[in-house]
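Here's the structure, in structure tokens; my notes come after.
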Amino acid sequence: MNILPKSIPIRIQSLRRYQGSLKTSLRALSTRPIFEKRLLAETPFSIRPSNASVLIAKRSPKFGWKQVRFYAANPNGGNFRMDLGGGRKQGAALEEYGTDLTALAKQGKLDPVIGREEEIQRTIQILSRRTKNNPALVGPAGVGKTAIMEGLASRIIRGEVPESMKDKRVIVLDLGALISGAKFRGDFEERLKSVLSDLEGAEGKVILFVDEMHLLLGFGKAEGSIDASNLLKPALARGKLHCCGATTLEEYRKYIEKDAALARRFQAVMVNEPSVADTISILRGLKERYEVHHGVRITDDALVTAATYSARYITDRFLPDKAIDLVDEACSSLRLQQESKPDELRRLDRQIMTIQIELESLRKETDTTSVERREKLESKLTDLKEEQDKLSAAWEEERKLLDSIKKAKTELEQARIELERTQREGNYARASELQYAIIPELERSVPKEEKTLEEKKPSMVHDSVTSDDIAVVVSRATGIPTTNLMRGERDKLLNMEQTIGKKIIGQDEALKAIADAVRLSRAGLQNTNRPLASFLFLGPTGVGKTALTKALAEFLFDTDKAMIRFDMSEFQEKHTIARLIGSPPGYIGYEESGELTEAVRRKPYAVLLFDELEKAHHDITNLLLQVLDEGFLTDSQGRKVDFRSTLIVMTSNLGSDILVADPSTTVTPKSRDAVMDVVQKYYPPEFLNRIDDQIVFNKLSEKNLEDIVNVRLDEVQQRLNDRRIILTVTEAARKWLAEKGYSPAYGARPLNRLIQKRILNTMAMKIIQGEIKSDENVVIDVLDGELEFKANKLEPQSTSHED
């Protein structure tokens, strides 16, 4: 029964309210029984209830149970630092932050290491020292520094090491795991300290390998506390820690040599790039692993091509890594082709689907035409399905053979790994069975199935990686044509002079020199240590020096925009050289790459044009000396840029006054000698001596100009095609243009201006006024010494023909 008046609850709600929490001491008392029970249950040593009260008072209210540190009485005396939930056992840090290479070697998961005998032996010698037994593998990225430690782990497993190195473990430190989650100051140092403690506790039985060691040594500096290098120094000096690091020469100089105390604790082992021959041996050793992984065959020609092409065309990386990447990518490309439907089957599927859709639309039609059409489609559909079934069966059969070969190779590899393991474990009964029964049977079955596949001559599936596949990968990555010449390309190269000669009139000598250089390159006979070719084009203005270079780029790449052009009038000052290779350190723009070096790095197969070279500063020629002779140029960042796949053209107007004064339209020996005298006085001999050919262009004759008129009018017609306007120029008008546009001193440029002024400007006005419309034929003739324009409506067949 409610005895309170109804007004009291309303009154209470109107009063001021206070909210808050219990005091810390009260909250501690309320949680005390729970905490005492948990603490006594999880502490790995005996603790008195009286101490539990002290522990509760010492805990920080800011953190949860896992982050709170407690101090309890150690039964042996003194204080013992502990984490709630139990202490860390010996070696736990190495398990958490490391990967055991020797365990992976036992399982056969490491690739075989070919060569590197000297580097591995040197590493073992340093590890066997009493103090400062810490090798540092120093070398460029991709030369195989990590592989040396994998080779050491494999040798330890096989027992191919000195007695003092047997039964040791090689553990790779995982820097990502070591850093991740270290949110609070001191967390990283504590983790590293636990790793070092585990290593010292292993008593020399563990070799710690730190890949990218310069990253580890720099950690901790940002927090202002003791960094990793200072934690490592005492252990490294005492010899209690077997640590092997790997880094590049640049990072070694930047992070380790700068600290003399740290540098003297490591012994550098230089790991140089292997030769092409050594790389081929490495690829042959890895061949079986990649065949098993991808399920394809790799020919020996493909391995040789991968090593030679990677050394020749991929210059910004190092062997053997870049060669292995070529083989791996070629294998993956072939594997995708095998797992996808062949093009013939996909084409049949599309045809069948199209017919089925059409049949569905004709299903309810009853007229005679529709019925006949339906019968024809049904007959065609039956034939296509029969062909589809036949091809599908052949494809499935070929795929089954390939899968069978892949399965046999996988079983053979697993059997060999098991044989090594059983021999180590002393299980000689199983080892005997593997060595004399299982492995020989598998070794016989693999060639047998491969022979069966070859006899069937598979047409649907390509089963082998060849040198052509490697060449395709190189071409795709660099843009450099390395594939074998196809029939159409052969004909194109053989007729190169005639093709370019349709646009460049009257310069047969220059065309021949350019065509010979390109053919030499595509045949693979050019000097591999120089650019494809280098030319100096000399002659008066307007004779086609720049136009020939544009036509060459269009011939090679189907667009004249593939040419990299530098107008040398922009480089008249000495400081503008920095624009080509990048600014030196300390100057504005140092981080930006040079215009020349960056363009060639991005497009190594290109036509380089240095237009009007004589207008540039003389130091530009000194810069080009190395490019013309060695095919390399070093930019401001220290990167070597490869120019060996470029074709370099330099144009100049030096001596043009001599050629203009000569009445002959072709270059006479006397004129040539006079021009070359001027050139030799202007450029140093070491520059001219490095150029492959110096070509003097002919003056344009009146007959040449008539041919150029036809070329220019064809270009005008290309612009009018979009408007469906046909341009018809009479023979009289063509001769009028050639006469009015001829100038021995200025070449073809006056003709271009004449066509612009007398034809294009007039037609533009008439189009805007509506006098010339689409689908009309514009006839240009000469009347009273001037050009006359007449527009006639096109016949329908003419319009369709032009379209």
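Backbone N, Cα and C atoms are what each Cβ position is placed from, and that goes for glycine too.
These features come from Swiss-Prot:
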type	residues	note
TRANSIT	1-36	transit peptide
REGION	94-342	region 'NBD1'
BINDING	139-146, 539-546	ATP binding site
COILED	343-431	coiled coil
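Sequence-distant neighbours of Gly539 (ATP binding site) (same chain, 6+ residues apart, CB-CB distance under 8 A): Lys545, Asn653, Ser656, Leu659, Val696, Phe697, Asn698, Lys699. Taking every protein chain shown into account, Lys145, Lys545 are the binding-site residues, and of these the Cβ with the most other Cβ atoms within 10 Å belongs to Lys545. For the binding-site residues listed here (Ala141, Val143, Val543), the lowest count of other CB atoms within 10 A around the CB belongs to Ala141. Note: Gly139 (ATP binding site) has non-local neighbours Lys145, Thr248, Leu249, Met270, Val271, Asn272, Glu273, i.e. same-chain residues 6+ apart with C-beta under 8 A of its own C-beta. The number of other CB atoms found within 10 A of the CB of Thr541 (ATP binding site), across every protein chain shown, is 16. Averaged over the region 'NBD1' (94-342), the predicted model has a pLDDT of 82.
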